[in-house]
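Following: one structure in structure tokens, then a few remarks.
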């Protein structure tokens with residue numbers, strides 16, 4: 001049995017930060033046009049089901065992270081390489097997140113700074129967090145969630161007071177039918193950001209008061225979904241659906257138009273700070289999950305020593321995955337509907353089916369009793 005380190009409130013905070021992460025930075029649900037905020041709400045049930053699936057695995061294999069119960073379910077010969085693929089996948093996504101926050105900073109504030117310097121500074125901080133361990137990471141997440149909530153409240157209040165919101169930009173609701181909005185929710189928004197909660201399979205075994213895992217996680221998903229929906233609705237209402245679909249960072253574009261009483265300007269600094277916090281924690285969660293899996297499958301005596309090789313790998317992916325941000329987006333679009341469903345949906349469902357078959361025919365795994 002692993003010693004629990006994470007409190008329910010820390011898990012709550014980290015799930016919210018993770019779900020907001022890059023979903024605040026990038027436009028999502030573009031195919032549903034002005035109804036993308038509705039698509040986010042429609043994707044909510046799928047996100048809850050994904051989280052419930054991994055809390056079920058955690059209940060059945062309470063001392064194991066993802067790589068452990070993969071090997072327990074399908075055997076070591078198939079499970080070991082499959083777990084390794086998950087570690088590589090988490091490194092890949094963490095690298096993409098690093099690229100996104102790096103390009104955000106280059107675009108908005110540090111246009112004269114080489115991106116390699118920006119990436120190195122962010123990744124160095126993330127590596128230090130991983131090295132210090134899960135307790136430090138989640139304690140900081142608990143603190144920084146307060147900053148995110150305060151910054152979000154101030155920014156939305158400023159937008160509302162500025163008079164920049166145009167409700168007609170959100171109309172007509174269901175203009176192209178519920179089918180278009182639903183197809184935007186599934187698979188697009190379901191895969192990003194909801195199904196990405198698979199990364200928390202590396203943290204659930206460390207949770208104190210395990211009986212609260214489901215309700216705390218579901219509450220965090222509900223809160224983050226409402227926050228995402230409100231934010232993207234605000235973006236569309238301010239800059240319009242056409243600009244929303246063309247903007248690289250629509251939240252930043254929307255907030256730069258705000259001026260309150262001719263003296264409150266440059267709110268983009270608040271937005272950049274909030275976005276950096278969210279993306280930093282998301283990429284660090286992925287990198288830590290990759291570190292935990294690598295430590296498990298390679299039987300590392302001191303898992304924190306893997307922070308450096310994993311961090312260097314994430315940095316390498318962020319620099320080599322694409323030569324420009326538009327290319328980064330195209331490369332991501334190619335993998336989105338090919339690689340993502342395999343790791344986030346198909347394999348977990350197959351694991352569940354195999355587990356249930358073994359359980360049905362008497363070959364039980366490690367259970368919580």
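Placement of Cβ uses the backbone N, Cα and C atoms for every residue, glycine included.
Noted in TrEMBL for the protein shown:
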TRANSMEM  12-30  transmembrane segment
TRANSMEM  36-57  transmembrane segment
TRANSMEM  69-92  transmembrane segment
TRANSMEM  112-131  transmembrane segment
TRANSMEM  143-165  transmembrane segment
TRANSMEM  185-204  transmembrane segment
TRANSMEM  216-234  transmembrane segment
TRANSMEM  269-294  transmembrane segment
TRANSMEM  306-325  transmembrane segment
TRANSMEM  337-356  transmembrane segment
For the transmembrane segment (112-131) and the transmembrane segment (306-325), decide whether they are in contact, meaning at least 3 CB pairs lie under 8 A, counting pairs 6 or more apart in sequence.
yes
Does the transmembrane segment (269-294) reach the transmembrane segment (306-325), going by 3 or more CB pairs under 8 Å (6 or more apart in sequence)?
yes
Would the transmembrane segment (69-92) count as touching the transmembrane segment (12-30), i.e. at least 3 C-beta pairs under 8 angstroms with sequence separation of 6+?
no
Do any residues of this chain, six or more beyond the ends of the transmembrane segment (216-234), have a C-beta under 8 angstroms from a C-beta of it, and if so which?
8-9, 11-13, 15-16, 19-20, 23-24, 27-29, 36-38, 40-41, 43-44, 47-48, 51-52, 55, 152, 156, 159, 165, 170, 193-194, 197, 200, 250-251, 254
Please work out which recorded stretch in 69-92, 143-165, 185-204, 306-325, 337-356 has the most C-beta pairs separated by under 8 angstroms from the transmembrane segment (36-57)?
185-204
So are the transmembrane segment (337-356) and the transmembrane segment (69-92) touching or not, going by 3+ C-beta pairs under 8 A with a sequence gap of 6 or more?
yes
Sequence-remote partners of the transmembrane segment (69-92) [C-beta within less than 8 Å, at least six residues beyond its ends]:
57, 60-61, 199, 286-287, 289-290, 293-294, 296-297, 310, 313-314, 317, 321, 339, 343, 347, 351, 354-355, 358, 365-366
